[in-house]
Amino acid sequence: MLVSWVVVVLTHSVAFFDLVDTRVLQGLASVRSPLLTDVAEVAGVLGTGRAIHVLWLVNLLVLVVSRRWRHLFVWIGVGLLVTNTATALSHALQRPRPYEVEVLGTWSGFSMPSVPMTVLATFLIGSLYSLVPAGRLRDAGKWVVWGLLLVTASSRLYLAQDHPTDVLAGVVLGVAAPLAAFRMLTPNEVYPVTYRRGSPAHLDVSGARGEAVVRALRDQLGLVATSVTPFGLAGSGGSTPLRITVEAADDAGQEESYVFGKLYAVTHLRSDRWFKLGRTLLYGRLEDEKPYHSVRRLVQYEDYVLRLLHDAGLPVPHPLGIVEITPEREYLLVTEFLQGAREIGDPEAVVDDAVIDQGLAVVRRMWEIGMAHRDVKPANVLVRDGTLFLIDSAFAEVRPSPWRQAVDLANMLLVLALRTDAARVLARARLQFSDEELAEAFAATRGLTMPSQLRRMLRAQGRDLHEDFLALLPYRLPPVRIQRWSWRRAGLCLVTALALAVLLAVTVGLLGSPL
């Protein structure tokens, strides 16, 4: 519409459209009455700066409280872009307010496009796509938005504040820009709007995505899945864990069995990048902290490491393969399902000396083959019928430093002591590790190097197991320094500080007025 108006200006056809717009406004002015004017002034309140400001603040507050950051940044960005574009176009076209018709109400600046209608349409569409879940509710919201725009536009035309083509151009710009931005940058399949509690890493596997998983399992691995359900979400923050029911083979002697799947998508890849960037800013680049560049690389690395651990005789789930759901966007890692296994932190899991020895033997074996798990926590250590299993090798590292291997040992000791005590675990550990190795482990481990779940469970129990182990050891070693400064970290900190300053300045300005 705006391009069309530019063409009109360049071809000197403005007079014709001015005439048509004027005749329409004159027709509306002919039916004016005091009552209709009062109604029109009330109906057009959404087009005022104060109303748009309130809409802006409410939407901002809801998005911040719900921590829907990507939607928030897209909403702010497209709002700034459209508002400034509309203002620049109005100054470039310099179309005056309607002639030969009395303008009722307030107005300012040039009329093409209608800046109030542009901003209102932008914020309404942005609010719809950032606050309302997709489906029937959003479809109903679209009609509400169109109704509000129609009422506001009718009011402004009745009061002769804008030409009809001004309103049309403003609505087209205000609807098209946020619609394109939200569909491109926050697709519902990847960034759904939802108000249920849970991690954003846990994708919805019902509907089309669930059907795609079932088809892919059948076509690529020959597994006939009958159901796909989330499983063990509490202990997972970087993927969507699934329990998949499959039809058993004819000679299996049972009707159905289970396999385990970890669904990875682009959202997990982006989260991994932000997570590692944050760690770099806070602590410097720790060992093996480089982000992945594609979902395919992420899932194939975990599959490779899992097979490496399995071939080395470690008690890990048997890998079954990788399934492609959406090329370069969604992949499923399929493994054996450990039926009946419980997290070691579960009160029903039996943790005896044999289980403790198995956990310590896992660490010793990883040292021997040059591996580090890097995520030893209660959710990743399972027990079934007296056998210990280690799962989730996504962060595992090949040929790690002695520091990283020492961290694995300390975390395993702490995990085992959660259900027992430090003295018992240390006594079993001395059968496989020297006092020097144990002292090095606790010198390397504290705070950041302990998984967040392990830290939470230690706080919940009210025991300082780390200090208990140190008190039992014959000597202590100085803590290993974790902070690592580099030119890269310094540069990232500087860029981040500048970006935050610009964001703060923009936010303060927008809090004053979004127009």
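Backbone N, Cα and C atoms are what each Cβ position is placed from, and that goes for glycine too.
Remember, it's a predicted structure, so these values are computed and weren't measured experimentally.
The domain 'Protein kinase' annotation in TrEMBL covers 228-515.
Residues or ranges marked as transmembrane segment in TrEMBL: 39-65 (among others).
Annotation source TrEMBL lists transmembrane segment at 72-93 (among others).
The annotation transmembrane segment is assigned in TrEMBL to 113-131 (among others). If you look at the transmembrane segment (113-131), the same-chain residues 6 or more away from its ends with a CB under 8 A from one of its CBs are 1-2, 5, 46-49, 52, 55-56, 59, 62-63, 68, 71-72, 74-75, 78-79, 82-83, 86-87, 89-90, 138, 141-142, 145, 148-149, 152-153, 156, 161-162, 166-167, 169-171, 173-175, 177-179, 182-183, 186, 193, 514-515.
Summarising the annotation, TrEMBL assigns transmembrane segment to 143-161 (among others).
Long-range Cβ contacts of the transmembrane segment (167-186) within its own chain (Cβ-Cβ under 8 Å, at least 6 residues beyond either end) map to 1-2, 5, 70-71, 74-75, 77-79, 81-82, 85-86, 112-122, 125-126, 129-130, 149, 153, 156-157. Residues or ranges marked as transmembrane segment in TrEMBL: 167-186 (among others).
Taken from TrEMBL, the feature transmembrane segment applies to 491-512 (among others).
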*Taking every residue in the domain 'Protein kinase' (228-515), what is their average pLDDT?*
84
